[in-house]
Ligand SMILES: Nc1ccn([C@@H]2O[C@H](COP(=O)(O)OP(=O)(O)OP(=O)(O)O)[C@@H](O)[C@H]2O)c(=O)n1
Ligand SMILES: C[C@](O)(CO)[C@H](O)COP(=O)(O)O
């Protein structure tokens, strides 16, 4: 089955607090985005990538591709105001029936094994969403300022890549945006379908705050 990875790199990185969006910050002298692209392209020889970039960062994205990758395997498109819009713009370039991987560019410590595990499950069930157990205690906040304990065995933390058959993901994204669409799984469920969870990886962190960049540098071998 054809394989297309939509790598979303169109965010501004407000929580990171740097002028340059976090997907372009350096880890061991290479941009975060480099590692993400490298892992996806090496997971499968026939993996194609749609890279979604903010309009003002297209040249920077092209420089990364020209320096390290075969540009025949990577198409670029422009992101939108929300992650949902950016994914939707990426999906517009998917022309053939395929397994589609949607991945945050800033999860640059994703492993090939996780990508391959997700592919196999999506091929069998139509979807694969990586999840990990939570190792902290959890509480639900009430509006009255009180809180109640949650059973952490009933909660998982969700990662990307979120992987779907194109017959599911493409029609699902025709839905109108809702502010609780934080990932592809929420969109597909709103479309009326269930998703399959697969074992995620603790190392598959999302670079969100400055400390995450230091953790990524520890995970990635220079
Ligand atoms: N309009 C958007 C928003 C986010 N993303 C991408 O979605 C991924 C996860 O988003 P997040 O960590 O929230 O990134 P930012 O939106 O850049 O960060 P912040 O919310 O702190 O501004 C990132 O790779 C980001 O570039 C995107 O392509 N387009
Ligand atoms: C898609 C995601 O990475 C799954 O955990 C997450 O929902 C993205 O959230 P963000 O607030 O856009 O970083």
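Using the three backbone atoms N, Cα and C, a Cβ is placed for every residue, glycine included.
Those TrEMBL annotations? Automatic predictions, nothing curated.
What TrEMBL says about this protein:
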| type | residues | note |
| --- | --- | --- |
| SITE | 15 | site 'Transition state stabilizer' |
| SITE | 22 | site 'Transition state stabilizer' |
| SITE | 152 | site 'Positions MEP for the nucleophilic attack' |
| SITE | 206 | site 'Positions MEP for the nucleophilic attack' |
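Distance from the CA of residue 152 (site 'Positions MEP for the nucleophilic attack') to the CA of residue 15 (site 'Transition state stabilizer') is 26 Å. Proximity to ligand 2 at the level of Cβ atoms, with a cut-off under 6 angstroms, picks out 206 from the recorded sites 15, 22, 152, 206.
When Cβ atoms from all protein chains are considered, those within 10 Å of residue 15 (site 'Transition state stabilizer') total 12, not counting its own. Long-range C-beta contacts of residue 22 (site 'Transition state stabilizer'), restricted to its own chain and to partners at least six residues apart, with a cutoff below 8 Å, comprise 11, 13, 16, 32, 106, 207, 208, 213. Long-range Cβ proximity for residue 206 (site 'Positions MEP for the nucleophilic attack'), meaning a same-chain Cβ under 8 A and a gap of 6 or more residues, is found for 104, 106, 107, 159, 160, 212.
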